[in-house]
């Protein structure tokens, strides 16, 4: 297994290098939250681009203090260049204008604000924006359109969350990051498990079977239940996949009009 993950690391590093070169970039930038996914992407980018891989730390007014601490520790451990931009003043303006905004609206605003900072830095420094969303999030649509889902290339987009965790172990990501509950850190008390209703250790095996059995076909709940999955779990996950499938297909562009 150790050998397989070393091959995976080499493969993902090669992907980053070739795709950046293909687009004419020598530098990359990504958002570093202090969470697992961005830590893995950060270390991979550091392996390939060295000082030309730059992390942006963008805490909001509700970000947990340990998120910033963990991000800074990672930068120190792996000699990652970084810049901190607090988005707290901007989310404060949003909150003052939209006092009745839901937590989802507030979270989406912060996610899109972070992406605006990333793309502004990208233009300023001639850097390519690297994504940090994993396959579990992408299949479930668990992300913000034009926010954390936006990027030029993504090295971990085909890795399920549990696979990203295993990869992180082989990249020597600090245990504090490995052991904390997954969270987008978009509002106080938020966690992936609370939002999704299940831990990734339960969700990922189901997602893998859905991908293997129903690629380009309607998902059949009965077949999955026969494999031993809980019926409520199956129903909830299928509902999320179907509801958010459009996020993987955007933008939908009208075909060229051809008058007869």
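Every residue gets a Cβ built from N, Cα and C, even glycine.
Among the candidates 60, 122, 125, 183, the one that Swiss-Prot lists alongside 31, 32, 33, 34, 35, 36, 37, 38, 132, 161 as binding ATP is 183. Under DSSP, residue 31 (ATP binding site) is assigned to a strand (E or B) in the three-state scheme. Taking the Cα of residue 112 (deamido-NAD(+) binding site) as the reference point, the closest of the binding-site residues 31, 37, 132, 137 is 31. Each of the binding-site residues 31, 35 was scored by the other Cβ atoms within 10 Å of its Cβ; the lowest score goes to 35. With a 10 A radius on its CB, residue 137 (Mg(2+) binding site) counts 24 other CB atoms from all the protein chains. Residues within less than 8 Å, Cβ to Cβ, of residue 183 (ATP binding site) and separated from it by at least 6 positions along the same chain comprise 35, 64, 190, 191, 192.
Sequence-distant contacts of residue 33 (ATP binding site), defined by Cβ-Cβ distance under 8 angstroms and a gap of at least six in the same chain, are 57, 67, 71, 132, 184, 185.
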